[in-house]
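Visitor: The structure's right below; bear with me while I get my questions together.
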Amino acid sequence: APAAALGLLCGSAVAVAVWKWLGERQIQQKMEEAQRTREEGVKKMAEAVRQFREQVPSAQTDAILSLPLLELAGRLQEGSLSPKTVLYTYIEKALEVTQQTNCVRHFIPECEEQLQEIQGQKEKGLLYGIPVSIKDHIGHKGQLSTCGLVQYLGTPEQEDSVLVKVLKRQGAIPFAKTNVPQSLFNYDCSNTIFGQTLNPLNHQKTPGGSSGGEGALIAGGGSILGIGSDVGGSIRLPSSFCGLCGLKPTAKRLSHCGHVEGQTSAWHTPLLIMDISSRPIPVPSALGPMARDVDSLALCMKALLCEEMFRLDPTVPPIPFNEEVYSSSAPLRVGYYDTDGFFPLPPCMRRAVRETREALQAAGHTLVPFSPLRIQYVMNELFLKTFFADGGRAWLDEFTGNIVDPSLKPQVTCYKIPRLVKKLLALILKPLFPRLADYLNALCGMRSVNELWNQQHQIEAYRSQFITQWRELQLDVVLCPVLGPAFTVGFPGKLLPAVSSTMLYNVLNFPAGVVPVSVVTEADEEELKLYRGCCDDSWDRTLKQAVAGAVGLPVAVQCVALPWQEELCLRFMKEVETLSR
């Protein structure tokens, strides 16, 4: 009998091992097939560029690539440049940039159909002939929205998302979908299907995430305008890491229809659960533009905020772009702070705020010290606890049938700890490492619907308090730091709470943008050696390692306005950009 039992046990163990091996083999095959399809797409695009070069050998590549978006749009409108020449010039450059940084997930072959389509349009839209790149999970007919996960490899989108329809109506040509971190819940940019995206300015560094493919492609010169999404900093962090301008609008200022609903992703899962029940969304995601300068962001917003978008998505408030606010030169009353007190940023990021503050003051604006309240409470209690309301179960479920990407392993390991163990660890660590203890507590999520409703109430109460503080100081806008400079590849997964500088404005649902104003100097690098952070704990030491070796990389600031005031936010960003240049 014991022998039979042992035999049965061994047989079962072998069966489980075989079954597991078969499962992994199947995943591997799906991933290999996706990689082959991608390679074929790249070859086809390279061939199309070669054929175009044979027909038009004299196309001035460098001259076209160096034009700012407003100038390029003007040339296309007047007809001195053809959309075909511009499209193939950018595709050629994108092929080169993605070969170096692995930023393009797939080229969109339908861009050639769109090229024909716009040439037949009666009126030239505001983005006539402009090639545009879009983040992986923004729906484009016939293309996958994968979020870097195997389960989404077999189902191409049935139609364009509203945003893509409006871009096309305005004459733009979506030509590439860009790479993202697995599940989107990370600000590195790596997944097991399409690999790691690198920062074009320094290949040891990450471009940031989750709109990291966009950041790398635009910074490398392979795209002039991109669309990303942001629920914790996913537009602003890549903009900071890659030296770009990026705007996270108020959620719902631009349509979301057709980019997440079909493809659940962990960055959006808790949000979707709440969407489905038609309840208010505690921490909403926002789509927004990324580009090389602020005028490009403004042109993109102007093009998108049109009758077509309001008609296609009636849930978007029909507020057209207010040009008067954007082009105003009235002096501003600016609140400022250089640290949120929860995660002090490297010296160069604080220097950027200080220098920008001085430049604004010298230009005649009024600067007022401003202290955001209780950021530790916002980060843990309002953001993480809401996001992981179910203790992270929905997010972990996304990895069923997937091989976890190494960049996400620290996060996955942490979220997999049973609730009771998290609570015990938090208790033990509280005296030694209070920030980690609070973080573990937040990851435990909530136990009841009642708690969830209470959470919603707390977010509303905090928002109202913040606006009262803003109003008492009679502020127009706020100048504050953003996380940076670019992290070394692999570090973001170890430092999720470091995004407090950007995450705050997702919880508040305020428009916020990023503008590069400087670069890391040798003096910054020296000063970094003395950095102690908040508690001189392991998070502070990890942050110090993550940003080391960044001399010459971009340093940015963050500009914020009240909800629905995107034009004022952009106007302030433009002012900061002009003064920094």
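Glycine residues also receive a Cβ, built from the backbone N, Cα and C atoms like all the rest.
These figures come from a predicted structure and were not determined experimentally.
According to TrEMBL, the record shows the following:
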ACT_SITE  Ser234  active site, acyl-ester intermediate
BINDING   Leu184, Ser210, Val231, Gly232, Gly233, Ser234  substrate binding site
DOMAIN    86-570  domain 'Amidase'
SIGNAL    1-17  signal peptide
Visitor: Taking the residues Leu184, Ser210, Val231, Gly232, Gly233, Ser234 listed for substrate, what is the greatest CA to CA distance in Å, to the nearest whole number?
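Guide: Farthest Cα pair among residues binding substrate: 11 Å.
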Visitor: Identify which of the recorded positions Ser210, Ser234 has its Cβ surrounded by the largest number of other Cβ atoms within 10 Å, counting every protein chain shown.
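Guide: Ranked by Cβ atoms within 10 Å, first place goes to Ser210.
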Visitor: For Gly233 (substrate binding site), which residues of its chain lie six or more apart in sequence with Cβ-Cβ distance below 8 Å?
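Guide: For Gly233 (substrate binding site), the qualifying residues are Tyr187, Val482, Leu483, Val499, Ser501, Thr502, Met503, Asn506.
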Visitor: What's the most sparsely packed of the binding-site residues Leu184, Val231, counting other C-beta atoms within 10 A?
Guide: Val231
Visitor: Express the distance between the Cα positions of Ser234 (active site, acyl-ester intermediate) and Ser210 (substrate binding site) as a whole number of Å.
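Guide: Spelling it out, the Cα of Ser234 (active site, acyl-ester intermediate) and the Cα of Ser210 (substrate binding site) are 5 Å apart.
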